[in-house]
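Asks: I'd like to ask some things about the structure below.
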Amino acid sequence: MKVLYFLVSILALTSVSFAYDPSPLQDFCVAIKDPKDGVFVNGKFCKDPTLVKAEDFFKHVEPGNTSNALGSQVTAVTVDQLFGLNTLGISLARIDFAPKGLNPPHTHPRGTEILIVLEGTLYVGFVTSNQDNNRLFTKVLNKGDVFVFPIGLIHFQLNVGYGNAVAIAGLSSQNPGVITIAKALFKSDPLISDEVLTKAFQVDKSIVDYLQGQTWYDNN
């Protein structure tokens, strides 16, 4: 029995150790699109270290265009936009909000998010898992306030101020991913079966058809 407990403990520790981006085994691994003469690490080919330049670690981010149905724009800076992030296990996003703008319910399957408000007032929150009875944690944030959204949990941000709002989100993965809940459910490719959605949401088929016919924005 002691051996069994020991094996379970080892498996648990192993699972935790591989839950996030693996640690780099070198100073950096700047990603490249051309695999010629590259080394494949963390999903990207590495640039020859002798050819790396300061520009590989630099990117300028402009304010996002919030003229859309959601009134918000997320400008991501992940390894796909900044190749120098490869193997470093972090990324960020700038989020711009028009008045009443919404960053809709979504989740990051591979990263925890920590958000700081630079301008305006945001109503933010996340919902815990079924195991925790889907508890809702919310907070109104003002300039300088910080809030954390645990990895994988559905969360959102709404501008409840009278003017524009800006926030910066740091994420614990070079490629945290994003799943916008409404778009994923009602605009998947191909569409999820009406039978599945009507039973899951306990609504008539006409409502599901209506939702699937809408234009769903993910503001990314």
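Glycine residues also receive a Cβ, built from the backbone N, Cα and C atoms like all the rest.
In TrEMBL, annotation is done automatically, which means it is predicted and not curated.
Below are the features listed in TrEMBL for this protein:
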BINDING   Asn103, His108, Glu113  oxalate binding site
BINDING   His106, His108, Glu113, His155  Mn(2+) binding site
DISULFID  Cys29-Cys46  disulfide bond
DOMAIN    67-209  domain 'Cupin type-1'
SIGNAL    1-19  signal peptide
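If you look at the structure here, what lies around each of the features I listed?
Replies: Listed in sequence order, Phe149, Ile151, Gly152, Leu171, Ser173, Pro176, Gly177, Val178, Ile179 are the same-chain residues six or more apart from His108 (oxalate binding site) with CB atoms under 8 A from its CB.
The Cβ of His155 (Mn(2+) binding site) has 22 neighbouring Cβ atoms from other residues within 10 Å, across all protein chains displayed.
All protein chains considered, the CB of Cys46 (disulfide bond) has 22 other CB atoms within 10 Å.
Per DSSP, the secondary structure of the domain 'Cupin type-1' (67-209) breaks down as 25 helix, 57 strand, 61 coil.
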Asks: Given the binding-site residues Asn103, His106, Glu113, His155, which lie within 10 A of Cys46 (disulfide bond) by CA-CA distance?
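Replies: The binding-site residues passing the 10 Å Cα test: none.
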Asks: Taking only same-chain residues 6+ apart in sequence, whose CB is under 8 Å from that of Asn103 (oxalate binding site), what do you get?
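Replies: Spatial neighbours, sequence-distant, of Asn103 (oxalate binding site): Leu70, Ser72, Val74, Ile95, Phe97, Phe156, Gln157, Leu158, Asn219.
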